[in-house]
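Pulled from TrEMBL, these are the features on record:
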BINDING   His106, His142, His175, His211  heme b binding site
DOMAIN    66-266  domain 'Cytochrome b561'
TRANSMEM  105-125  transmembrane segment
TRANSMEM  137-158  transmembrane segment
TRANSMEM  207-227  transmembrane segment
TRANSMEM  242-264  transmembrane segment
Amino acid sequence: MGRQSTLQHPRRYAPLQEGPISYRVSGLEAEYDGGVMRIFATLQLGKGEGVVNEVWQVGSSVVNGVPAKHAFAPENLAASGTLDLIRGESSAGGGVDSTLKKKNIHGVLNAVSWGILLPIGAIIARYLKTFKSADPAWFYLHVSCQIIGYGVGVAGWATGLNLGSKSKGIVYSTHRNIGITLFSLGTLQLFALLLRPKKDHKYRLYWNIYHHAVGYTVIILGIVNVFEGLQILSPENKWKEAYIIVIAILGGIALLLEAVTWIVRKSDKSSKLYDASNGVSG
Ligand code: HEM
Ligand code: HEM
């Protein structure tokens, strides 16, 4: 139980150490009965301190006589509330609901941008480019899709950093590191807009290699991080399933277009060869 101040997780999950109680308490007593220990104390309230925070937790193991780390499921993290001693009211998880809402917003923004829009943009670039009738539409579609995806993605990324800075002591390093890498590579990729040499410039080949390599890395890491995020938040299974279905559909479309564009390119090539053998340049 604590005073009415903001509830915060401890900075680090080191083993608990014995120490003085930070609050003014008197009449400390304990009883041990049938494997259950109860501790009683009277909490002295200061002036105007009618509302106290309470936290509770469950854990299954004790190591060297000290409770071990508890689980981090959403219910464990939501185990807090406030108790109004004057009005005799209690409310569950004060700020927890709004934190969960923020996490959901973070998840949706990131899943839609890094996890769906950027892969769609790459599909547009890779496959529409093959069809002459789609030139230059594919280019504008690709650029718009990626700029929107990047914009929403950076907003989502920022909400992640904000969430991370509020929950001190809990660090999801893999998710965080992939997130920061994604932001850096995505930003680098947008420089494509400024650095792109003309189509027939001798450095264009290098630009293409850089843009493809960074682009596919962003897409793969983006999808991986969506799964990492789903693992951390562990919402209802249907969300993970829904995302898997979306990715499977995009993968299916990509495979199909891979085959179609391969055939188109092959027939283009053979018609060019035919033209060349007739002395007509293709
Ligand atoms: C985060 C943003 C972006 C990502 C993730 C991305 C990703 C990709 C990927 C994966 C490809 C390769 C498709 C293939 O296999 O052929 C590609 C191609 C291309 N992208 Fe982007 N892109 C982004 C932003 C941009 C921007 C802002 C431009 C504007 C100049 C651009 C212009 C192009 C062009 C011209 C190609 C075709 C290159 C070629 O093969 O000739 N991209 N992009
Ligand atoms: C690929 C896109 C994503 C990026 C770039 C991203 C980025 C981040 C970053 C930078 C953090 C802060 C980590 C820290 O400082 O400890 C974070 C935290 C978090 N993210 Fe993501 N994220 C992504 C996708 C998702 C998704 C799809 C979900 C959920 C479905 C999610 C759920 C969370 C949660 C629950 C946290 C923890 C907040 C806390 O510390 O309590 N993320 N994310």
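For all residues, glycine too, the Cβ spot is worked out from N, Cα and C.
Please treat TrEMBL annotations as automatic predictions, because they have not gone through curation.
Recorded features from TrEMBL, shown on the structure.
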| residue | record | Cβ within 10 Å |
| --- | --- | --- |
| His106 | heme b binding site | 22 |
| His142 | heme b binding site | 21 |
| His175 | heme b binding site | 18 |
| His211 | heme b binding site | 17 |
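As a whole-number mean, the pLDDT of the domain 'Cytochrome b561' (66-266) in this prediction is 90. Highest Cβ pair count under 8 Å relative to the transmembrane segment (207-227), across stretches 105-125, 137-158, 242-264: 105-125. Summarising the heme b site geometry, the residues cited as binding it (His106, His142, His175, His211) extend over a maximum Cα to Cα distance of 27 Å.
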